[in-house]
């Protein structure tokens, strides 16, 4: 019965004859089914869905819902990671990678508070390939996951992201990767918060108060001393020659 149900449901979805939401997550869960025939049918379904290309239920469009439903559905960590590793293997285009980074960060990690679910989403992000554009997108959404970096399980997956980015990015773009790495490490260890607290505790230097002159005190103009007229030097009267009495 389960096998026939899966075959009919796969036929309806692939031919876009029915709109599905939660059923996609149930089909994804069949990838790790104990029955090998059901597991093979589920893998075949997603292979055919990926080959259809741009359609309503393309892989990168339905992945965020599958991640959310399986993570919150009580699936074991090993089963969840095995399914996600198979499905994220279909993501190869840069546009699809950027879309998934944005959706997983903004619509999943931002609103999630459970540590296990946060670790599951971080694991899914670590499965993507990160080139320059991917690093830019994950950096732009830093505020969405910075609070979750206090958990070791989440932090370890972001360390994996940094390692993949360092290998994929060119030398001139590794500065952006190193800046992102320093932000992630600082948020995990709390160094950034401690630095902010230390700076706020330090007393600010007191600036000397400026002396304000009272306006009521009128300024008295300085008197300039009058210059006394120059005395012309006295002329010396020529000395009179004493007439000597000459005796004749």
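One is the number of the first residue shown, and numbering goes on along the chain from there.
A Cβ is built for glycine as well, from the same backbone N, Cα and C atoms used for every other residue.
Feature annotations, reproduced from TrEMBL:
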- 1-126: domain 'Condensin complex subunit 1 C-terminal' (DOMAIN)
- 191-248: region 'Disordered' (REGION)
- 207-248: compositional bias 'Basic residues' (COMPBIAS)
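Residue counts for the domain 'Condensin complex subunit 1 C-terminal' (1-126) by DSSP state, with H, G and I taken as helix and E and B as strand, are 96 helix, 0 strand, 30 coil.
When pLDDT is averaged over the domain 'Condensin complex subunit 1 C-terminal' (1-126), the result is 89.
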